[in-house]
Amino acid sequence: MDLWQLLLTLAVAGSSDAFSGSEATPAFFVRASQSLQILYPGLETNSSGNLKFTKCRSPELETFSCHWTDGANHSLQSPGSVQMFYIRRDIQEWKECPDYVSAGENSCYFNSSYTSVWTPYCIKLTSNGGIVDHKCFSVEDIVQPDPPVGLNWTLLNISLTEIHADILVKWEPPPNTDVKMGWIILEYELHYKELNETQWKMMDPLLVTSVPMYSLRLDKEYEVRVRTRQRNTEKYGKFSEVLLITFPQMNPSACEEDFQFPWFLIIIFGILGLTVTLFLLIFSKQQRIKMLILPPVPVPKIKGIDPDLLKEGKLEEVNTILAIHDNYKHEFYNDDSWVEFIELDIDDPDEKTEGSDTDRLLSNDHEKSLSIFGAKDDDSGRTSCYEPDILETDFHVSDMCDGTSEVAQPQRLKGEADILCLDQKNQNNSPSNDAAPASQQPSVILVEENKPRPLPIGGTESTHQAVHTQLSNPSSLANIDFYAQVSDITPAGNVVLSPGQKNKTGNPQCDTHPEVVTPSQADFIVDSAYFCEVDAKKYIALAPDVEAESHIEPSFNQEDIYITTESLTTTAGRSGTAENVPSSEIPVPDYTSIHIVQSPQGLVLNATALPLPDKEFLSSCGYVSTDQLNKIMP
């Protein structure tokens, strides 16, 4: 019973671990040795001897044989010195090797009668009664077929270039294997190489006995060999005899393809050459390439302006050039209005009870408003119309005697004279007017568009008080149009007025000429070495009337100066003619400009220039020295 347990253990171990030739799986041998030693305590290994099993092999799965090495101190010449014993499952005792001769020297051959497939075997090698080596295996695990036989080849095809050829290699299975009956299934592996080479090339395993070989060179010789193994095992048998393949001699011209053109070197050198050429091209044309890839940003240019002026910072010249164009105007050339905006509130009933606009215009506040240096800035945070820089600029222009302001001055004097004329007629009818003779020639201070410019004449204080008395007279104010409808306000600060009515009472216009309000001959306070030609013309024109009423002779500070006057004698001749021209009706101005905003509902308007009766005063302002003025005076 113990023997059968041992055989069962060996069978289970042999199913998982295969015994191969001269070496067995160590785990399998260990388990088998331990089992044998348990069953047979006398089975021991003689470690001092050199005898051992080399391999056990079955060529066809029907028979097998085992081989061992001969020790240095042992020889088969001494019968019974070395023995091999075996045991299997169906035999319950150890038996000696059945054939020591058929398999060769130091071997034991088991024919088909002693071979059982799928049955575990255990063998031991003894020398002089001691166990030298032992192992266990199964027959199907030690199969190593014999080499194939009948190896040959057949030419299949030759290429059109007569350089390559295809062949078919055939062989026969080992003669001792029953492949046809299916007792054993073999796999074949073919190796080939060129003659004089050392490394064999291997093809994939095949189950057939033939394999094609493609693209073999006709000018080469090849060697072919084949070996086989049982399917699903790893151990191959021996190689067959080497088959030498030699193709028939071909035309020598067909072997010209042996010379392989060095395409690889040409490609490498070509890439290097192109790289060097590209670098040289980039280096030589780097500026142009840079402009193509990164075009320069165009320099900003203004037509008609030299860029050097902008670089050097000459802004005055740039502004002068830009001022030529209509779409550009320097900030100093803009017409600054006195008031940038007007805030009107006509819905406040409390403001109506404070007084009429006429009283507000003719009150003392109006006279005080002429002193614009003390005016308060009420423009709600906007740029003040009374800033010093604007005032200095305007007064400077007026002091330099702008031609436009001098031309408009006689018109304003004439318009105010008409107003005073109406007032004088009303005063002549009252008893209080007898004390104020008309020959006093009052001087009226008009509000010019740029600045107040009073004419310095004799008796200024007395005439100013008389005029103030006349303007504050309610009877005289009833006949004057102090109101006009505002139809529009221009962006420059001008007010567009609707045409007003003439005298409401129908009184005839005063025949008094504008000479009443024209400045008389008086002492001229000469602040500089010259004064305006327009003042000289006015003085000459009024000289005859003034001499009859004034006893003050003009006196001038004499200085050596240059003269830039024109047409003084002509002006003196024309002055008499201008006096005889009858005064026509003064048209009501359609436009005026705002001078001062006294309250949300009160406006102080500038005197508007009226049409000139004489075109001669449109000439530019000239300068007259005091010496020449004394000479031309009558």
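Every residue gets a Cβ built from N, Cα and C, even glycine.
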Stated Swiss-Prot location of region 'Disordered', expressed as one of 409-429, 451-471, 556-576: 451-471
Annotated motif 'WSXWS motif' segment (source Swiss-Prot; candidates 236-240, 331-335, 361-365, 496-500): 236-240
Listed residues N46, N606, with the one flagged N-linked glycosylation site by Swiss-Prot: N46
N-linked glycosylation site according to Swiss-Prot, picked from N157, N503: N157
Matching range for Swiss-Prot feature annotation, motif 'Box 1 motif', among 293-301, 302-310, 383-391: 293-301
Residue with minimal Cβ packing [other Cβ atoms within 10 Å] among the disulfide-bonded residues C66, C97, C122, C136: C97
Mean of the pLDDT scores, which run from 0 to 100, over the domain 'Fibronectin type-III' (147-250): 92
Three-state secondary structure, C136 (disulfide bond) (per DSSP): strand
Residue from C66, C97, C108 whose C-alpha is spatially nearest that of C136 (disulfide bond), among the disulfide-bonded residues: C66
Cβ-Cβ neighbours of C108 (disulfide bond) (radius 10 Å): 27
Cα within 10 Å of C56 (disulfide bond) - qualifying disulfide-bonded residues among C97, C108, C122: C108
Helix, strand and coil totals (DSSP H, G, I; E, B; other) for the domain 'Fibronectin type-III' (147-250): 0 helix, 54 strand, 50 coil
Among C97, C108, C122, which are recorded as disulfide-bonded residues, the nearest neighbour of C66 (disulfide bond) by Cα: C108
